[in-house]
Number of protein chains: 6
Amino acid sequence: MRPSQRRPDELRPLRFTRGFTRHAEGSVLVECGDTRVLCTASVEARVPPFLKGQGKGWITAEYGMLPRATDQRTQREATKGKQGGRTLEIQRLIGRSLRAAVDLRALGERSITLDCDVLQADGGTRTASITGAWVALRDAVDGLLARGELASSPIHSQVAAVSVGIYNGVPVLDLDYAEDSAAETDMNLIMDGEGRFIEVQGTAEGAPFSREELDALLALGAAGIRQIQTAQRAALGQ
Amino acid sequence: MRPSQRRPDELRPLRFTRGFTRHAEGSVLVECGDTRVLCTASVEARVPPFLKGQGKGWITAEYGMLPRATDQRTQREATKGKQGGRTLEIQRLIGRSLRAAVDLRALGERSITLDCDVLQADGGTRTASITGAWVALRDAVDGLLARGELASSPIHSQVAAVSVGIYNGVPVLDLDYAEDSAAETDMNLIMDGEGRFIEVQGTAEGAPFSREELDALLALGAAGIRQIQTAQRAALGQ
Amino acid sequence: MRPSQRRPDELRPLRFTRGFTRHAEGSVLVECGDTRVLCTASVEARVPPFLKGQGKGWITAEYGMLPRATDQRTQREATKGKQGGRTLEIQRLIGRSLRAAVDLRALGERSITLDCDVLQADGGTRTASITGAWVALRDAVDGLLARGELASSPIHSQVAAVSVGIYNGVPVLDLDYAEDSAAETDMNLIMDGEGRFIEVQGTAEGAPFSREELDALLALGAAGIRQIQTAQRAALGQ
Amino acid sequence: MRPSQRRPDELRPLRFTRGFTRHAEGSVLVECGDTRVLCTASVEARVPPFLKGQGKGWITAEYGMLPRATDQRTQREATKGKQGGRTLEIQRLIGRSLRAAVDLRALGERSITLDCDVLQADGGTRTASITGAWVALRDAVDGLLARGELASSPIHSQVAAVSVGIYNGVPVLDLDYAEDSAAETDMNLIMDGEGRFIEVQGTAEGAPFSREELDALLALGAAGIRQIQTAQRAALGQ
Amino acid sequence: MRPSQRRPDELRPLRFTRGFTRHAEGSVLVECGDTRVLCTASVEARVPPFLKGQGKGWITAEYGMLPRATDQRTQREATKGKQGGRTLEIQRLIGRSLRAAVDLRALGERSITLDCDVLQADGGTRTASITGAWVALRDAVDGLLARGELASSPIHSQVAAVSVGIYNGVPVLDLDYAEDSAAETDMNLIMDGEGRFIEVQGTAEGAPFSREELDALLALGAAGIRQIQTAQRAALGQ
Amino acid sequence: MRPSQRRPDELRPLRFTRGFTRHAEGSVLVECGDTRVLCTASVEARVPPFLKGQGKGWITAEYGMLPRATDQRTQREATKGKQGGRTLEIQRLIGRSLRAAVDLRALGERSITLDCDVLQADGGTRTASITGAWVALRDAVDGLLARGELASSPIHSQVAAVSVGIYNGVPVLDLDYAEDSAAETDMNLIMDGEGRFIEVQGTAEGAPFSREELDALLALGAAGIRQIQTAQRAALGQ
């Protein structure tokens, strides 16, 4: 039995609030149960030095957690003087996943920065960030299209993410914090709209996992991602 | 005429959402017009090294701004590797102002950290932070009282803050960003529930100001703070 | 009774030594009683990036304290790897106050950096820094005029600063360390040559202060600043 | 055809030099083709603060690359003042993978740090690091057993890693730099001696990958890891 | 001919002002021509962690230069966020040289920190720092003796330093900045009261130097140091 | 008797392995007994900002130690976030010494960086680094000559270094760690091919040293350097 009483293959309630703040070109509050992440997309008419003059754009991401997004207050990374390894790992993952969905040449010499800031954490903040950031990215690009700054969309696929894991010996979908901290195995799946994998990251937190367990987790995650992608499209009014 | 069409002595709509997030002992979203700050109060059963063993508690504050809280994206302080001078100045001010309202000995060997994170900025983020943090502090202390961890409240006064300034030659209350960036003089007032000053910070951004202008600003601010304090009490159900 | 036996409205002996070091365009040792600050003005023929190509100059300040300027040795900020919040706050204040006295366009594309280094501290180092830095700035600008690099002075007003506070219930002028560390209220006033305010920063260290107390402090400070400005002009041989 | 003329399922020559340096409790130079990593295991009789007094040990890892391990000189992280995101990600992965093989309670209150320093890079440095670090860890633990500091080995399984990827549309094993930088998909597999997964990390560098491709890569990697584990045991004289 | 018209073996005027600032246990302004360094000695009743509980004391030094001690303003190390290589090298040299003169066991569990801050630079700041710091150290230790905190002096020898170099092909003593920046060879000598060497640091800035040149420099420096040591003793009233 | 049974004037076995790694333009593993340093020379077609457009090149060095090069593991400087004073001092010395051997104008607008990374330490790492770096520099320059990028060699002299010291009252050559950590006096000599001094750095670790001792050390070191230079030339096939 899951702590949340959910069935093994049941997602948490998923909600997108577009336009959550007013300055960003895309601003989406994504809520997966009690996990709430504010994803903003900021468009800037310049690219990092390594891309200058190549006629290509760039998609990057930054991730942060408010100090009291968690049960125990965590130290603010700005006061520590650096981002931790976990933060860097997550923001590299978000950026990489969204770049997989965008034709950077079609974007032109522009950067879009996805800032994913966790207001409240209950497990799955990295997958929620990716899921929400894709919607914010869409809003930012739709704005560029609407203003005529782009003639066609450089986004060629849909991106969503979910976690799966083995909890009390049972493969379960979309782990919350109570499950995540006790899971034997934890896997994050990121997939495109055609059901192909953009990223697979499975970790044996406790005991190593067999090929059979891996297969069960992949199937569970793929089914969950299909539901999430339906919700993303609904949020965008499609 | 003010850009927002407000009268010179008119506050922006002020709203407090208590319990905005679930982990913190106090969690208040304060909105002053389009400025929105999440103020959380975190109680910890320890004090900084310089206070160890003195039977006293501590109140401190940290301030941050999400990168896209502003019209142009600002660099995340965690990636820069340090908090800027403005941030340090503001968080020192918030902490100092709230300590003025608390009997640290009556608090016992506890720390309460007020995290003020700006989700959306439109001028007056430091005064909104102080105003909201006081409500979050009350919620955290009320929790300690309710759980019997404290017998009586160590908070002996109410704290609220507002900005006043001279805009187009006219003293105005509660400046938004459009006014703030064009004001000749900018003043932040922090007052207690008895109408006394906790902090007065006036700066001639453009031209120096006369004693008469200072008097006008002080009067305008004191009237505004009385309204804000009424709203704080209403939010707390008093 | 003040620890120094001074009357409530009595300044400490104030002394300016111009040309204290030989390399800087302006170099003034200012002594307010036992507080001694070396203020140097350095002229450079370039401006910060954000001002490039605008035909305007820049005035900025840096503040430091020698490790043993104080009774207890303080850690050197260069070894800590960063300037503390207090340092940043003070140097921002010095720079802002002096910019209020200068027509940056008339200065041309030049920077003047005021370095205020405290050799010995006994309270009031930030106000002494401002008072001394203005004299150093004058010397640097007079040099530019003498060498024909500027046709007329971009300095349009005189700037001086003093602290006032409530000590043992009595408003007093120009607090030394013994008073400062015990004061209920501490206020720094920065005024121009016409008696107008450039900056007012009042803080309730202990108890909040009333409007009557504020008025008394403002009057005491204004009178003190008039004496300081007379001393500044005398030091410059006017 | 692979640039190295290898068959798709062919590993690069793999060599372990134990006792490569003399100070460390375990010191192994691992060579996978032209990739050479020095893995040292350092035993210390203390644990990190978060484990103090729990009767458990700790395994951790650090990763570095000599500035000219690569074709173009990279900036030394010690002069940059911080480890980059890639470095942190890799060393977290190495530490996590080896902890999966060790009973930390049986290790007692000891730390073993695995330093993996790349002397020469030609792709696959993170998997070579894990493979080599496990051998160094064995040597360090065997020393503890030989000196009677441990009665039985806390290492309960064998750990090895390999990369697989899709290069020119073909799944290949153990990518070198030429393949790695051109691969569409890159996957790192870490497995135990029973053929179970400790970590699976697959990334679509170019195009997303299908379930069929994922299955092919998993099979290819599992076969490669069996060979690597045979070589590890041979190096240890088993 | 030397720029300063001095004979090759002529020191610059040397002056010690003891008690230059009032807080430090030793405070000496040393002036070697236009080079002026404030050397303070701070006594603290604790030792660094690596010496705890060994019944020994510690002598250490820190070195700094005010930004405008030099002809061109240099960036403040506190704003750069770290001490440069030159600074670290000099402060390590000062500390090491003074430790050579002190019986650390006889000092007891105390630290004495020598802060050497250059107010004005004209070459030879590191040797002036050592020369002045020894006088400040004596004053600090004499205070400990006078207050009965030490029964006998732990200082067993006198320490002084001077620079010598080859300028325009001629060995010269006590180089000023004009000579230093043009010298082919630059050597710093640190000697004790018995004419023995504590440190010899010779560098070929331009052309390598022969054994004969080295001998000439050593003789010139030894003679200079005897004069400096006489001046040190005179300053201390001996 | 020396711990290593060597005669006082006996060097440790010295070995150079050229082409130790394959990417760098020069790559030399130098072994002095148990001290092993990998010295790579990296040629880049650019110069630091302060040399831009002057038609001159630059030679610089960086030094590092692997964490377990030493008997006790030392903290990695990349994780500390800065290079220590000892590291900076050594790399400044290496760079300065090699620049003394090169006509920077004849090098053209190129930088050569010598990275000296200690794989195993047993005393004398800085002198071994200089000795090995000169061989690596030669290999890099020979490559430029061979590829026709330079018409004639900018290296005008040979550079080698050795340590000498007073151990148990006896002057000895080429100290290993056991001697170095117990020596009364420690001196590093760096000389050119004509037997002239590039750098002399002598430090009284324990007791100050006399002129006679200094002379003995200089003679011992000069004889050792002649042998080392013979070995350098042999390694280069001359």
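Here the Cβ of each residue, glycine as well, is placed from N, Cα and C on the backbone.
Cross-referencing B:Arg73, B:Arg76, B:Arg86 against the phosphate binding annotation in TrEMBL, which names B:Gly124, B:Thr125, B:Arg126, picks out B:Arg86.
DSSP classifies B:Thr125 (phosphate binding site) as helix under the three-state reduction.
Neighbour density at the Cβ, taken as the number of other Cβ atoms within 10 Å, is lowest among the binding-site residues B:Arg86, B:Arg126 for B:Arg86. Sequence-distant contacts of B:Thr125 (phosphate binding site), defined by Cβ-Cβ distance under 8 angstroms and a gap of at least six in the same chain, are B:Thr35, B:Val37, B:Met65, B:Ile90, B:Val118. In sequence order there is nothing to list: of B:Arg86, B:Thr125, B:Arg126, none of the binding-site residues comes within a CB distance under 8 A of chain F.
Compute the center of the Cβ atoms of B:Arg86, B:Gly124, B:Thr125, B:Arg126, which mark the site for phosphate; besides them, the chain residues with Cβ within 8 Å of that center are B:Tyr63, B:Ile90, B:Val118, B:Ala121, B:Gly123, B:Thr127, B:Ala128, B:Ser129. Counting every protein chain shown, 25 other Cβ atoms lie within 10 Å of the Cβ of B:Gly124 (phosphate binding site). When secondary structure is read from DSSP and collapsed to three states, B:Arg86 (phosphate binding site) falls in the helix class. DSSP places the residues of the domain 'Exoribonuclease phosphorolytic' (B:10-140) in helix, strand and coil in these numbers: 42 helix, 41 strand, 48 coil.
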